[in-house]
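Student: Please find one structure pasted underneath; my questions will follow.
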Amino acid sequence: MEDELRCPTCKQLYANPVLLPCFHALCLGCALDIQTPYTPGAGLTGAAAANAAGVGASNGTGSAVAHNGQHSAGGAAAVGASAGPGPGTRHSSHSSAASTASSATGSESVTSDQDQSDKVSIFSEADSGVVCCSNTSRPVSYAGTGQLQGLLQGSVVAPPGAAYCLTCPLCRKLVFFDDGGVRNLPTYRAMEAIVDRFCAREALRCQMCETDPKVASLICEQCEIRYCDACRELCHPARGPLAKHTLVKPRGAAQQRESVCGEHEETLSQYCLNCKMPACGQCIGEQRHQAHEVQSINVTCKAQKTELSHNLQQLSEKARSTTEFIQRLKGMSDKVTESCIEFERLVHAQCEALIQAIHDRREYLLEAIRMDKDTKIRILKDQQSNCTGKLQQTTGLIQFCIEALKETDSAAFLQVGSMLINRVANTDMTWHQEVTNAAPRVSPIVDLTLDDAALTRAIDNLNFIQMKVKDEDERCPAAPSTPKILPTDCSAENNSVTVAWQPPNHCFVEGYVLELDDGSGGEFREVYCGKETICTVDGLHFNSMYNARVKAFNSAGEGEYSELIGLQTAEVAWFTFDPVLSGGAGSGLIFSKNNATVSVEGWEHRVALGSVGFSRGVHYWEFTIDNYTADTDPAFGVARIDVARNKMLGKDEKSFAMYIDRQRSWFQHNSIHERRVEGGITTGSTIGVLLDLERHTLSFLVNEMPQGSVAFRDLYGVFYPAVSINRGVTLTMHTALDAPKMDYF
């Protein structure tokens with residue numbers, strides 16, 4: 001409460017408080033200090049000018065509005081009832097006692113947050129921030145918007161008779177006074193009584209006692225320090241410079257006072273509900289209160305006290321609940337500390353277990369290296385032993401042969417000569433195979449390396465995951481949060497799109513679900529479910545905008561969808577022949593030039609399919625006849641994925657084609673050919689295929705001219721570009737072409 005009892009200017013307990021029209025209070029001495037003279041026709045000076053210039057903007061909205069006159073009149077009631085001390089008497093025993101009492105409780109300043117809340121509480125949308133007070137029994141008020149522009153420009157127009165002005169230090173309202181100045185303001189009797197009671201309750205004790213302070217008997221007005229009798233004799237003797245100091249008794253309990261009318265010196269016994277001010281009996285009889293609703297001042301006071309008590313009770317309930325909430329927060333703080341200590345212990349134990357597992361694995365790997373070393377050394381020793389034995393046998397044979405060569409008896413030498421020649425020849429041959437060309441059975445170099453890349457990545461990704469607590473003892477992973485799509489890693493090429501996303505932080509994720517719409521803003525459908533964070537979706541429609549979204553899931557549930565990303569497929573299709581769809585290696589087809597050119601060796605027709613299927617849009621591609629020497633009929637058109645690949649295109653119900661020779665062409669489907677059109681092909685000719693799945697038609701062009709009218713209608717489903725050829729025909733397919741404009745339907 002002490003902050004409510006401090007003057008916003010001097011920061012001390014209120015001394016002779018006066019009430020401003022804005023219902024903020026000031027010490028009378030402080031009000032006298034900050035009021036400034038006002039000369040009609042001249043601008044405001046000093047701080048008042050700066051404050052006046054900011055009146056219009058002080059409410060944070062940049063606009064100034066009018067002040068309620070009745071509000072100011074009620075706030076300035078009973079003007080002239082108090083003259084108050086002058087500026088020189090401001091630091092009286094009253095103020096000294098108040099200031100010393102406040103020093104025992106600590107805080108000496110009003111916080112800026114309270115200043116701001118006070119300002120907000122005063123401003124309204126009908127407040128100009130300009131008020132005028134006079135020394136008449138009922139202060140006049142100035143209300144209006146005529147000075148609005150002047151307020152915004154920093155020049156305020158004062159009402160007639162203004163001699164002084166003052167700006168409230170809290171709400172910045174500007175108040176004008178007549179010659180009486182701030183002495184016209186009413187004494188804030190309630191505040192004065194509360195301050196008196198507050199000081200009486202403070203049990204003003206000696207400030208010089210080191211332990212167990214005694215009740216103070218005197219206070220020095222100059223030192224503003226309280227002393228008991230013993231400390232006064234010891235710390236403030238009445239001699240030397242201290243002899244001139246004034247020692248007075250601390251202010252005691254507040255005395256019961258009775259408010260009287262400033263004009264008639266009568267007790268204020270009535271309350272005017274229209275003027276919202278107390279009055280005496282004579283005031284009620286005067287003209288200014290005629291026809292006003294009047295009530296006993298005690299009844300009005302009791303009603304307002306009852307209302308205030310009711311509001312205080314509600315506020316007390318909120319304060320009590322807030323206190324309980326603060327206690328809960330304090331308890332949770334202790335719980336957080338305990339939980340974090342336990343979690344630190346758990347993480348430390350888990351990390352130690354991981355470190356121990358790495359140490360155990362290291363010992364296993366080192367033991368494997370030692371075993372490999374022992375095995376290699378044993379193999380090398382065995383090979384060394386074998387070579388040593390072979391060398392000893394060969395050396396003995398050489399020595400024996402040398403001795404045999406020394407034999408002088410020819411018959412005796414011839415007895416073993418052939419045998420020795422064979423043995424030496426055989427030994428030389430086996431020596432070449434077993435020794436000369438022999439190599440070490442093992443390499444001295446360790447041809448292994450430690451694959452630690454995956455483990456290093458796992459350590460780098462080692463992190464916490466979000467858990468949810470079911471009860472005090474059970475914790476399970478929470479549903480994952482939202483993945484973030486990475487636009488820089490997403491792309492669209494031809495009729496496929498690639499979507500990449502970033503896993504959510506601190507979440508346990510078992511997998512992801514990627515969804516795409518239908519390319520026309522329709523419903524989403526699942527296209528991928530797995531653990532990867534990048535996915536490519538093929539087989540989409542051309543010239544379509546696909547919206548993609550992704551969500552993560554685990555055993556606890558699914559997370560929220562990510563933000564959408566739009567990916568535009570190519571306007572025109574780029575594709576080639578697909579060897580796999582065309583039958584693979586056993587089809588007899590020969591593909592070249594990156595699968596754009598096809599030919600065949602046999603006489604039987606073989607079907608080659610394109611790599612892209614179409615179900616929507618308008619698509620056009622061409623074939624160039626690179627070689628056409630045989631008397632054959634190549635066929636061009638479209639087919640379904642399960643078309644017969646060993647027949648001419650158009651022979652079954654799965655294909656729609658135009659077959660053509662050097663002079664004419666026919667349209668063929670399900671072995672029914674019709675509508676012969678004159679005009680054939682040669683080497684260098686161009687065949688165009690126009691598949692319009694918006695009108696569901698198929699048309700052909702030869703050398704950029706329409707070959708008859710529309711060949712086929714009512715085409716629904718998925719169709720692949722197709723051609724059937726046999727020996728003597730080589731052609732190249734050209735794609736990503738704009739569709740020509742046809743004059744018929």
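Quick reminder: no glycine exception, Cβ is built from N, Cα and C everywhere.
Feature list, courtesy of TrEMBL:
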- 73-84: compositional bias 'Low complexity' (COMPBIAS)
- 94-112: compositional bias 'Low complexity' (COMPBIAS)
- 201-250: domain 'B box-type' (DOMAIN)
- 256-297: domain 'B box-type' (DOMAIN)
- 405-465: domain 'COS' (DOMAIN)
- 479-572: domain 'Fibronectin type-III' (DOMAIN)
- 554-742: domain 'B30.2/SPRY' (DOMAIN)
- 64-118: region 'Disordered' (REGION)
Student: Per DSSP, how many helix, strand and coil residues does the domain 'B box-type' (201-250) have?
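Tutor: Within the domain 'B box-type' (201-250) the tally stands at 13 helix, 9 strand, 28 coil.
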Student: Any idea what the model's mean pLDDT is for the domain 'Fibronectin type-III' (479-572)?
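Tutor: On average, pLDDT over the domain 'Fibronectin type-III' (479-572) sits at 89.
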Student: Helix, strand, coil: count each for the residues of the domain 'COS' (405-465), based on DSSP.
Tutor: 36 helix, 0 strand, 25 coil
